[in-house]
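So the structure is just underneath, and the comments pick up after that.
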Amino acid sequence: MSTTPTIPTIKLNSGYEMPLVGFGCWKVTNATAADQIYNAIKTGYRLFDGAEDYGNEKEVGEGINRAIKEGLVKREELFITSKLWNNFHDPKNVETALNKTLSDLNLDYVDLFLIHFPIAFKFVPIEEKYPPGFYCGDGDNFHYEDVPLLDTWKALEKLVEAGKIKSIGISNFTGALIYDLIRGATIKPAVLQIEHHPYLQQPKLIEYVQKAGIAITGYSSFGPQSFLELESKRALNTPTLFEHETIKLIADKHGKSPAQVLLRWATQRNIAVIPKSNNPERLAQNLSVVDFDLTKDDLDNIAKLDIGLRFNDPWDWDNIPIFV
């Protein structure tokens, strides 16, 4: 097996180790996913962050299983994340959704399973539409179910006990929701995944969560960049972080790319990152973000960029008040 970069890990409260740098599967096309995952494993990636809602878990699984079959990696060396979508929050539907994920990935277990959003949409049978996305069984109209988050969480805890999930966690949760969930949970969330970039830094949330012993993964590390292809008006009207003078100056000083600076800004504070790339050179670059340190001045200057600008807000879907 070829020499691959050694990626630092975060020790989770569940006892498992999660790589600090991974490969994000959001918006990876069905046509390219298997090859991209396979090539990422060859490059040295071991954490793959997927979700039911991404609609590409079959192809992601093909890439993973090809690499395992060829001896590039063992299953236990990989850290595979998936996420429970909003239509499957009712406890009686949680295992059905997980089984679909495991079947698509062609794996016996996932290392981490997150509640994707603290929102319960109306259940949609898998045979009717999968992944359902925003479909709630009635055209473009949103419909919801009265399912408390703790009920969904208890169903996930049972699946940990059954050996189908190693660690469970949450995504897009606020501090108050986390505070409440911890008080009813038997198994504490191992990971919180949040939108995290210099325009949206959330320092108080990060301080609270890390002190509570919960690891953090940041998504959309490049800020508006992730949302340009979705034609988000907010993203289109925001200067890219790659071109921001502060980021460019820091990158030049360290002889690194702006992307590497943005990723190191997170990993240096023990926040995992999950960028993706089709480009082999950038794939390797994104993995090489632990071999330099930003100075206190660098960190202070990046801190000044925080404007509380969120690009992934369910209020834009149907006035869903998670972040209001």
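The first residue you see is number 1, and the count goes up from there.
A Cβ is built for glycine as well, from the same backbone N, Cα and C atoms used for every other residue.
The annotation active site, proton donor is assigned in Swiss-Prot to Tyr54. Annotation comment: Swiss-Prot describes Lys83 as site 'Lowers pKa of active site Tyr'. Marked as substrate binding site by Swiss-Prot on the basis of similarity to another entry: His116. Annotation source Swiss-Prot lists NAD(+) binding site at 171-172, 220-229, 276-286, citing similarity to another entry.
Comparing the binding-site residues Ser171, Asn279, Gln285 on other C-beta atoms within 10 angstroms of each C-beta gives the minimum for Asn279. Counting other C-beta atoms within 10 Å of each candidate's C-beta, the recorded positions Lys83, His116, Lys276, Arg282 are led by Lys83. Candidates Phe227, Asn279, Arg282 (binding-site residues) were compared with Lys83 (site 'Lowers pKa of active site Tyr'); none lies inside 10 Å Cα-Cα. The two recorded residues Arg282 (NAD(+) binding site) and the residue listed as 'substrate binding site' have their Cα atoms spaced 27 Å from each other.
Under the three-state DSSP scheme, Asn279 (NAD(+) binding site) falls in the coil class.
Sequence-distant neighbours of Phe227 (NAD(+) binding site) (same chain, 6+ apart, CB under 8 A from its CB) are Ser220, Arg234, Ala235, Phe311, Asn312. Under the DSSP three-state reduction, Lys83 (site 'Lowers pKa of active site Tyr') is assigned to strand. The Cβ of Pro224 (NAD(+) binding site) lies under 8 Å from the Cβ of Tyr199, Ser232, Arg234, Ala235, Leu236, Thr238, Pro239, Thr240, Leu241, Phe311, each of these being in the same chain and 6 or more residues away along the sequence. Distance noted between the C-alpha atoms of Ser221 (NAD(+) binding site) and His116 (substrate binding site) is 18 Å. When Cβ atoms from all protein chains are considered, those within 10 Å of Tyr54 (active site, proton donor) total 22, not counting its own.
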